[in-house]
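*Asks:* Sequence annotations record features per position, and here TrEMBL assigns domain 'Major facilitator superfamily (MFS) profile' to 18-471. Annotation source TrEMBL lists region 'Disordered' at 497-516. Annotation comment: TrEMBL describes 16-36, 101-123, 135-154, 188-212, 224-244, 321-345, 357-381, 387-405, 417-435, 447-470 as transmembrane segment.
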Amino acid sequence: MFQGGIWTKLQDYYKWYVLGLVSVGYILGELGHYLIGTTSKVTADDLNYGDKSCMLNATHLTLSQLPVVCEKVNSTELCESLTLNGTRYCEWGHNGLGIDYQVLAGPAYMAVFTVVGVIIGVVADKFNRARILSACTLVFVVAILLMGTVTEYWHLVLLRMLMAAGESGCNPLATGILTDLFPEHQRALVLSIFNWGIYGGYGIAFPVGRYIPPLNAWGLSWRVCYYGAGVIGIIIAVLTFLTLREPERTTIGEEGAVSTKARDAALESGKKIPQITIWRVIAQPRVLLLCLAASIRHSGGMCFAYNADLFYRDYFPDVDLGWWLFAVTVGIGSVGVVAGGVISDKFVAKMGVRSRVLVLALSQLIATLPAFGSVVFAPLWAMITLAISYFFAEMWFGIVFAILVEIVPLSVRSTTVGVFLFVMNNIGGNLPILVDPVSKAIGYREAIMIFYAGFYGISSILFFLTMFLMDGPVERQPESTVKPSGLDNRAFTQDELPVRNGGRTLPTAPIDDSKL
């Protein structure tokens, strides 16, 4: 009774528990990843790295009240001489920007993240993914915890590299596990919810990085942000180890529908079944173009993620946009993520995987124009246009990986996701380093417009081209044949005799002709 009733119901909820568990773990990993952007100014002051500039230090003043705007002053002496009613309102110090910050935020993290991600993807196709994911979670949460203890810039670099090594396994491992747990009609939605962890962690980083350091709790300033995330992460790592189990690996999408047909055709023709290798899979034009489009889109997103807080602090130092940015990234972004998954899942049965790519192309195209507005307009309209852009822009991540797992074979699925992430993160994660030299050449705002909003537009074009390389709806084999009209006696023939008792033939009674 217990096993047949309550236990069955619990098993039905288990896959949703797994989705929640790995999503929370991913959120914590991304919070640790993006905290450097929102705590960069106080971290740079403490560890002495990056550029210095003149900044407003009087929060009660607005830019319209200042005789000279601090950010336009380029010398220490002049900065410290600026006063209003006899009170100095500017300070010269680390602004959190510079090549040191861009290296710390991007290449130092991505160099390890991408390489180890491929290795873990290969291992995941051969060994227990649940156990590997538990180990990866433990590695990155310990690294986050230790970031609160650093005393030198290079300490922070090394620990970000260690965190990247652990977090690199989260996406390929969790994607494979969730793909095997959920059916096709829920897959894009589920992967969108999971991959929303990137934006959830990034969005939470705004209030955590902006408002917790000034409290200087226990005299720890910015360090308490990392301690708190690390402690919560340890709990998630323990739950992952104790409760996550390896699901049965299943074929899906195109592979599940055509693999048997292809195998039978090969056997009938006397040909050897071709060996599936990772190189054969990733060399497909549709996979290459999808990866390029995703890399450009990822670069635009990473550019905004690494620079949003610093950009709005720099251009609107008198306006506190911390909670606005949190509401837009977490609130509006969440709705966009779910909407993208639901929309693509609705149409995939009718149009096939091609419909998912169409949703990608249209969503990024619609997001492009308001993305420009978010860096051009004043604070109010900047947040309004950012919200519009975010709703459509954040549809992309889960759909991309729903497409990927549906067009690659089971035997190399995790490896393909790892290689895909390797390329996507090397391009998308490292291109934003160009923001620093470009901003010094043409301006910070102009550089953000190019690498953020501009890349949204380019990715939409590339996604649209990718759509033409995808197949249409997959032909499914009917589960049952149509029954013929009348009584179906095909199960019996005149030559058959009733069989009982272990297969022995029962004797038949002699026919009495007198009764005929």
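Even glycines carry a Cβ here, placed using N, Cα and C.
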*Asks:* In the same chain, who gets a Cβ under 8 Å from the transmembrane segment (417-435) while lying at least 6 residues past its ends?
*Replies:* 99, 102-103, 105-107, 109-110, 113-115, 117-122, 124, 168, 171-172, 175-176, 278, 282, 287, 291, 294-299, 301-303, 306-307, 401, 404-405, 444, 447-448, 451
*Asks:* Quick check: do the transmembrane segment (135-154) and the transmembrane segment (16-36) share at least 3 Cβ pairs under 8 Å, counting only pairs 6+ apart in sequence?
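*Replies:* Contact between the transmembrane segment (135-154) and the transmembrane segment (16-36): present.
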*Asks:* List, by number or range, the same-chain residues at least 6 past the transmembrane segment (101-123) whose CB is under 8 A from its CB atoms?
*Replies:* 33, 36-37, 40, 44, 49-51, 132, 136, 153, 156-157, 160-165, 167-169, 171-173, 302, 306, 414-419, 421-423, 425-426, 429-430, 432-433, 435-436
